[in-house]
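Have a look at the structure below, then the notes.
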Number of protein chains: 2
Amino acid sequence: MTAQAAYRNLTDHFARIGALRAVSGILGWDAAVMMPGGSAEARAEQQAALDVAIHEKVTDPRVRDWLAAATAETPEAEANLAEIRREVAHATAVPADLVDAYARAANESEMVWRTARPANDFAALLPKLRVLLGLVRQMGQAKAEALGTSVYDALLDQFEPGGRSADIDVLFADLARFLPDLTEQVLTAQAKRPAPLPLVGPFPIPAQKTLGERLMTALGFDFDRGRLDVSHHPFCGGAPGDVRITTRYSEDSFFPAMMGVLHETGHALYEIGLPRQHRGQPIGLARGMSLHESQSLLVEMQVSRSLPFLTFAAPLIREAFGAEGPAWSAENLHAHAMQVERGLIRVNADEVTYPAHVILRYRLERALIDGSLDLADLPGAWNAGMKELVGITPPDDKDGCLQDIHWPAGLFGYFPTYTMGAMTAAQLYAAAQADVPTIPDEIAQGNFAPLLGWLREKVHGLGSTRSAKDILIAATGAPLSVAPFRRHLERRYLDA
Amino acid sequence: MTAQAAYRNLTDHFARIGALRAVSGILGWDAAVMMPGGSAEARAEQQAALDVAIHEKVTDPRVRDWLAAATAETPEAEANLAEIRREVAHATAVPADLVDAYARAANESEMVWRTARPANDFAALLPKLRVLLGLVRQMGQAKAEALGTSVYDALLDQFEPGGRSADIDVLFADLARFLPDLTEQVLTAQAKRPAPLPLVGPFPIPAQKTLGERLMTALGFDFDRGRLDVSHHPFCGGAPGDVRITTRYSEDSFFPAMMGVLHETGHALYEIGLPRQHRGQPIGLARGMSLHESQSLLVEMQVSRSLPFLTFAAPLIREAFGAEGPAWSAENLHAHAMQVERGLIRVNADEVTYPAHVILRYRLERALIDGSLDLADLPGAWNAGMKELVGITPPDDKDGCLQDIHWPAGLFGYFPTYTMGAMTAAQLYAAAQADVPTIPDEIAQGNFAPLLGWLREKVHGLGSTRSAKDILIAATGAPLSVAPFRRHLERRYLDA
């Protein structure tokens, strides 16, 4: 077998794996958007069989032989080989029956969570979550040995390749130093400003959907290769070349659904902009969750809650709901978009208080993984952490430790990527405006091409050909730091 | 390895295969119902990767070892082993690269057909179809050697396990002997009756959908484990435990969509009634396409176009559309349901003229497979056959040889199962009424339980534990014959 043939065998093999992962993406979308409730058990069998089939392919003994024989003739091939090695290390660390048990336990736990959360019944979830956490720790230990990292970092690496908790500790400590004071200052400044004029509905859902579609189209979403639907938890899913986002609507308010659409559109634009020539290969995939979240937050937080964007969007919003008057000015919409409040719920949090929610989860999941916190003590630890970090105590578990799907779905090591994404978004958008100063003015005119072009060149089009760190340094001149995020918050919330 | 362990390994392995096939069913549903048009290319890669993964599992060398070592301890296990052997014979006959090439060619050909048909452009389809037919013949030859059958029977066996063209030849010759005269007599008798009173619309699509859902529910469809949606070509798909049917609507007429829903509901009830304890195993699957089509045609043709059913349905139909007057009586609806006409389009054909469409396709596909008909000559052969068998000549290929998706999708050996299904339906429904004479009266009251109970016991609940022939003999006392179908047609159309 020549080195070229070995590399070709690898890329053929991983193209099939990529296609099966795309199938998994469609299946996941279907489960959240289309599947009838009674079909969940059958679906769990399907998803598990698909996961095992993918795992079998990644751990196929021939892959090791091909990796030993293959040489890279281009930098892209070199990066692809490195990604394949990383994937194989993750997968071979974990035996197939553990993968299978994890998939089933995650599905069962998630299903119980779906009823336990509205019932405020942590005790109902606890046994399922305990089984799942045990399997997660087993997986993490196996991966830690294979990767030469800590157990937590091995879990983190699944979502954030190369991410290390030692770096996160430093960044989150920086955040924790200034955010409490900043939050106080922001709330004080906000209290001195007049309250925004109310936006009075109802807002018919078909009109909200049409508005969302118009904004998505303006941003560059292609409806011939994607969809917008409804699900309980908004997400960006589907498959490469078939990117599907969801939102959820309330007739009482259009802002959450609109911002949800814009957030998921940020994710979608990243997926759509991935390098077409590498589709199906590991280097053709998005580069980790913090960069992914940076794209959604760049669109939602940096762009869509800015005055230039709302200058563009205000007439579309007025048209969608047949609204008029001063409440519907760009300035008043902007005032709504930047309301800050200490709240119980992470997904409803504004960008100022959001990091506190994430730091809480990061601390707790590290303790759950290293065994210093028992799951039975999670509600108490949660409430104490909320009091310390956000400044309020949840009245119940429903809006406390039961609020997120992540842990019941088996996702540990995921939460920190949200706030790393927020910081990355601030750093990228500052660099984009430094490179192309007309971006905000163009956005006010509804022209997103300069921004999208910059993102495609600096981020989207690179896929996983480089590390997240190298992508960020090349795009912004510096590794991830708290400073641009802090400047952004101070400028938006204190200089206003 | 003990014989029991070998059998257990087989059932575990085929449970995973069954789950991956279920994934394929969901993916197919998505492609027809939800997928954006521009994602077809990406989807083709996904579907091909999944097909290959399934094929690899069926042809896994361990399966042969397990089959050699396994013994069956129950009749069900014996049947399951026989089905596994049949599956393995089909799959091992065909190398993976041919399976892959076939899947891609079928997808490409189907995609071209989607535009070639409305464009009436057989020449555009011809090169794709020629490639595909070549691959189908290669597959058929390989399977014929493995199964010890003719090439055509090997293809037929994919859809109709154990089906043989020698039997079909006899049955279709019987049909061809009396159907032309019967059609003439039916048309003459119909011409002597007054035309049915017109059913004047428009018929709003939401009202049609609600009507369809009410009828489905009455028949026993479970919306917690299934869906009703819209697709260009109605079908019953999805997965075990998640059965999804589609229809298509026109505001001008509700009859086609309603009958489409009822037809697919017949398919769905079969899937829903399959033996739960064998789900995932080969014996847990429906027993071939003629029995499947018999269930849809039993519900649509035998039941839903009968006066008792329309006695039950008429008030629901009137309520759905706010209609009243003599046109909306059960008798007038029944007169609409039994209109006969020589037409160009198979899917629009009534049950009297439908077999002629199928006999034409059966003759042509046998000639295409054995090479006595070149694809380039298909349009001419089609038109000549239509003239001979149906009595009219298509004005163009759009409504001629381009009308069906089957051949462009790579399905050869499928068409005869439609008419075998129609004959099976007549034979089963006659036996059901002989066993439970109150069935029609109960249906007139909206009570489908006696019929469904009989079908579950005699057909649905047996899955593939016996051959289609044995199921039919046990249910009706006789192998498949033309007589019950002929009696049904004469009674409905000539005694009326």
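Backbone N, Cα and C define each Cβ position, glycine as well.
Database features (TrEMBL):
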- B:E264: active site, proton donor/acceptor (ACT_SITE)
- B:H263, B:H267, B:E293: Zn(2+) binding site (BINDING)
Key: Rounded inter-Cα distance in Å - B:E293 (Zn(2+) binding site), B:E264 (active site, proton donor/acceptor)   = 9
Ask   = If you run the three-state DSSP split on B:E293 (Zn(2+) binding site), which class comes out?
value = helix
Inquiry  = In the three-state scheme derived from DSSP, which category covers B:H263 (Zn(2+) binding site)?
reply    = helix
Ask   = If you take the centroid of the Cβ atoms of B:H263, B:H267, B:E293, the listed Zn(2+) site, which other residues of that chain have their Cβ within 8 Å of it?
value = B:C236, B:E264, B:G266, B:H292, B:Q295, B:S296, B:L297, B:V299, B:E300, B:G421
Note = In chain order, residues whose C-beta lies under 8 angstroms from the C-beta of the residue listed as 'active site, proton donor/acceptor', counting only those at least six residues away in the same chain, are B:P234, B:F235, B:C236, B:I245, B:T246, B:T247, B:S296
Neighbour count (Cβ, 10 Å) for B:E293 (Zn(2+) binding site) = 26
Remark   = Here the 10 Å Cβ neighbour count for B:H263 (Zn(2+) binding site) comes out at 24
Ask   = Do any residues at least six apart in sequence from B:H267 (Zn(2+) binding site), in the same chain, have a Cβ closer than 8 Å to its Cβ, and if so which, in order?
value = B:C236, B:I245, B:H292, B:E293, B:Q295, B:S296
